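Taken from TrEMBL, the feature domain 'Aldehyde dehydrogenase' applies to 28-487. The annotation active site is assigned in TrEMBL to Glu265.
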Amino acid sequence: MAFTTALTKHVSFSSRFLRDTGYIDGVWTAGDATRTFDVLNPATGEVLASLPDMGAAETRDAITAAHVAQPAWAARPAKERAAILRKWHELMVANADELAAILTAEMGKPFAEARGEILYAAAYVEWYAEEAKRIYGETIPAPSNDKRMMVIKQPVGVVGTITPWNFPAAMIARKVAPALAVGCTVVSKPAEQTPLSALALAVLAEQAGVPAGVFNVIVGEDGPAIGKELCGNDKVRKISFTGSTEVGRILMRQCADQIKKVSLELGGNAPFIVFDDADLDAAVEGALASKYRNAGQTCVCANRLYVQSGVYDAFAARLAAKVAAMPVGDGFEAGVMVGPLIDDKGLAKVESHVEDAVSKGAKVLTGGKRIKGAGTFFSPTVLTGVTSGMQVAREETFGPVAPLFRFDTVEDVIAQANDTEFGLAAYFFAGDLKKVWRVAEALEYGMVGINTGLISSEAAPFGGIKQSGLGREGSRHGADDYLEIKYLCIGNL
Ligand SMILES: NC(=O)C1=CN([C@@H]2O[C@H](COP(=O)(O)OP(=O)(O)OC[C@H]3O[C@@H](n4cnc5c(N)ncnc54)[C@H](OP(=O)(O)O)[C@@H]3O)[C@@H](O)[C@H]2O)C=CC1
Ligand SMILES: O=C(O)CCCC(=O)O
């Protein structure tokens, strides 16, 4: 059976949104896949579903379908594409509870957070339904009277998207919505841990009127094989990826042969700075929101918390008290704030970061251990006495661990915050306006939260600099990633 009772106790077998195959050219199909792979609930370790392990051949078929469908989709008036996206948005909002249950079951995040993610994903679809109608060109005053110069924008064509498990709905929505809005077609490959949410989005896209071939989903556990086909097939004009910097580098190399466009949203190592003049309660709340959201499995999560000497002890004590009180458990239990980590690999990484820090002199104020049992839980942790020689200073922990570094001067903390190859998000809490400007300008990051730990929004350009990636998602800038600029010059006038 494709779905087990471990899933259907949360999402009924008769759910209109559960699918047990991929989706190619408007058809629910396993292609030629002969093997299956299991989708697990990380809170219990139970198998939720078995899906066909699709690979390069099915990806090729989906690319062909997307290639055939693209000209007609691009030729539809923007208003029609917008109306279909708007309908998709409405269906996501109307069915948020059921989509959230699927998401919590396969990913583990608390149900309220999962529901928040569905609405966040839907907001991207709504945003690009609106933007679809505003893909403006421009006219340019020509340097001579016998010419007229202008610019039009056209869709890049077929797009391959590869997305991670930490936001199984939002990461797909914020790539697919702008792509479809401007007239591209898409072949999507969700993470092997969370394919059910992707398939549920495709069900709703189909109901909304997205035509066959315009949005295709390939499910499978051989990411490298699917990725190679997406990067190597010359019908695909662009790859949009969210995930680890390591895989982003592989994809960029694979795209080099055909000079294929890439958007990459990669790892972060976000500094979170608390200055002596900060509102300490707001800084603690900001740290809780930024660090422990999604059990710390977010590329924009605070990874290194730098606290100025004058408030270090007070901040550490207040943060630890709140963190110790956070309920941990199955995301379906009422009141749970921190769910499991995605899998054993994720749990082992968090554990090794904490062990490394402690072995080099850090102190555990609260947490610090995996929680024994069936699921992959790690207790929300605060570490003090953390220094730059520890793993937590250099690598993304991707777990509920707040390492607190002490600093004295603005210059010192900016140097430490920028001392990383990553440049996605940074945060700081301060009162003095002069300092706010100086620090905001000096931080080498694509996004900076000032006196807030939450910066994500469909209205904002999300993306990084340095090895955190290329391109932006969300806002009006997010559409540009799926558009080519064409310059037209009329002569002999
Ligand atoms: N920027 C971010 O938001 C994210 C960062 N990370 C970071 O990466 C670490 C590892 O997480 P992990 O899940 O392994 O992330 P990955 O980067 O390995 O996975 C993300 C996506 O890429 C796919 N993939 C993996 N290898 C290839 C490949 N060679 N070619 C094409 N696609 C590929 C995966 O497919 P499949 O699932 O089939 O392997 C998945 O869909 C985390 O601990 C975290 O630090 C992780 C997720 C998101
Ligand atoms: O972790 C990610 O890859 C996406 C960040 C989620 C968000 O805040 O939009």
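In case you wondered, yes, glycine gets a Cβ from its N, Cα and C as well.
Every protein chain considered, the tally of other Cβ atoms within 10 Å of the Cβ of Glu265 (active site) stands at 28. DSSP assigns the residue listed as 'active site' to a strand in the three-state reduction. A mean pLDDT of 98 is what the model gives for the domain 'Aldehyde dehydrogenase' (28-487).
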